[in-house]
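Participant: Once you've had a glance at the structure underneath, I'll fire off some questions.
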Amino acid sequence: MTFSEILDRVGSMGPFQFLHVALLGFPILGMANHNLLQIFTATTPSHHCRPPPNASAGPWVLPVNQNGQTERCLRFVHPPNASLPNDTQGATEPCLDGWVYNSTRDTIVTEWDLVCSSNKLKEMAQSIFMAGILIGGLVLGDLSDRFGRKPILTCCYLLLAASGSSTAFSPTLPIYMVFRFLCGFSISGISLSTVILNVEWVPTKMRAITSTAIGYCYTIGQFILPGLAYAIPQWRWLQLTVSVPYFIFSLLSWWIPESIRWLVLAGKSSKALKILRRVATFNGKKEEGEKLSLEELKLSLQKDISLAKAKYSTADLFRTPILRRVTLCLSLAWFATGFAYYSLAMGVEEFGVNIYILQIIFGGVDIPAKFITILSLSYLGRHITQGAALILAGAAILSLIFVPMDMSLLRTILAVFGKGCLSGSFSCLFLYTSELFPTVIRQTGMGISNVWARVGSMISPLVKITGEIQPFIPNIIYGTVALLGGSAALFLPETLNQPLPETLEDMENWFLQSKKLKQEPEAEKASQRIPLQPSGPGVDRS
């Protein structure tokens, strides 16, 4: 008897599973708010130097650039007891008295003057948030294996609520960055535990549906954020609004049961059996639950217990040529996806369109993108879908270099298309990665791959700083990396309709067999090629 059969006996998709998925899905709505929050809390409005004391703003104070616009970071020098310069050729100086912002929104940029020479700090704040997600993935995965999925999930809800709320009261930028790091750290634990607890409590045939449903919760969260930001123009209140609900989620998480597999592997089989019986009662199958025994439960997870005893490390991902190829190609694809995705997702204000409307469009494109990805995965295969998604995204980003800034509609269309392709790339990678790595090292492979996505998302904001050298440099970097990631994906083996490999040897045999099957039709075609024989009265046929 397998664990899936035990799950069928207690109700594989009953009221419990619907409640379970709902409890896991609702907090994901708020994760989109935190991931993309700096789009609105760190908006840079138009600004110019504050005039010196006893002087009013005007062309005699503020120089004009080549485009006829007021300089944002310079003003004319005013010598004591001298007349003000009346042309743009006078000596200039930085904004010594601060800036005037043409906006009613209150952001971290306007509060701490993150403009001109300090504009790099804005991108650094987002990178530090992404660094928190990266470190959280490295640390919390191990803690989850030691202490269980549910305690980590509950603690991360509390940490996100506390650190997010504390961010709203940050007196200085460094303290703001520390709390944002903790927000990212906790988000990583929420993502990890949500994925595992969803997969382990629903039947195999329903996993794709429930995973997609939880994924769409993130998409819906992207619709909610612009509405909240529009209604709450003060960044501190907006930060507090998206953080406080996690105090409630931490209380609701007590209704989420622990992973049965983890309980059995941790030697807590009796507790696992009690939980299964409660689930059976909730699903209206109390009698079936009472019939379950510890022996049946342990027997159903015997394979998991055996695999848990085997010791595998990150080094095993590079043990064989096939695993090395898979690990390196997937790492590049994950890095490219995270790197390019956040270049577009966090660059909403660069396209000259209302940021609230554009964010809704950016969120909305995920719906058709994920649907098209599912169809492509089912009919065209994994490596074609993955390669095409990244290559098309890279082409769209590179195309932005050749579109003038005043053609905002065309630039927006290209950005939305690229963002949709990258959303599809993420959806494909989660499935593709889990299918490529053998069972004995799948969790390690998924973890390393996810780390590369986080590294990409952490570096992505910093690349925008290169735009100070030449405006087109960031898009060249983003687009080229996406093209490289897509090209790497084309070197991965196809997994469509293939059984999942259990061991490293299974993976080697499977790859060699698939390679052999590809060569057989080619050999057969070659054998069927009959050379043309000359014919005619003067031909010797002996």
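Backbone N, Cα and C define each Cβ position, glycine as well.
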Participant: Check the candidates Asn81, Asn86 against Swiss-Prot and report the one noted as N-linked glycosylation site.
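Facilitator: The N-linked glycosylation site feature in Swiss-Prot corresponds to Asn86.
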Participant: Do Cys116 and Ile175 share a side of the membrane, as Swiss-Prot has it?
Facilitator: yes
Participant: Using DSSP, would you call Ser4 (phosphoserine) helix, strand or coil?
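Facilitator: Going by the DSSP assignment, Ser4 (phosphoserine) falls within a helical segment, counted as helix.
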Participant: With an 8 Å cut-off on Cβ pairs and a sequence gap of 6 or more, do the transmembrane segment (151-171) and the transmembrane segment (390-410) reach 3 or more such pairs?
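Facilitator: Stretch pair does not touch.
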Participant: Limited to the topological domain 'Extracellular' (349-354), I'd like the whole-number average of pLDDT.
Facilitator: 80
Participant: With Cβ-Cβ distances below 8 Å as the criterion, list the same-chain residues six or more beyond the ends of the transmembrane segment (472-492) that contact it, or say none.
Facilitator: 325-326, 328-330, 332-337, 339-340, 343, 382-384, 386-398, 400-401, 422, 432, 436, 456, 460, 463-464, 466
Participant: Which sequence positions outside the topological domain 'Cytoplasmic' (145-150), separated from its termini by at least 6 residues, show Cβ-Cβ distances below 8 Å to it?
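Facilitator: Same-chain contacts beyond the ends: 193, 196-197, 253, 256-259, 262-263, 266.
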Participant: Under 8 Å between C-beta atoms and at least six residues away from its ends: which parts of the chain pack against the transmembrane segment (237-257)?
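Facilitator: Hits for the transmembrane segment (237-257): 19-20, 23-24, 26-27, 30, 33-34, 37, 40-41, 150, 153-154, 157-158, 160-161, 163-165, 167-168, 183, 197, 201, 225, 228-229, 275, 278-279.
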Participant: List, by number or range, the same-chain residues at least 6 past the transmembrane segment (390-410) whose CB is under 8 A from its CB atoms?
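Facilitator: Here the qualifying positions are 333, 336-337, 340, 343-344, 351-353, 417-419, 421-422, 425, 472, 475-476, 478-483, 485-487, 489.
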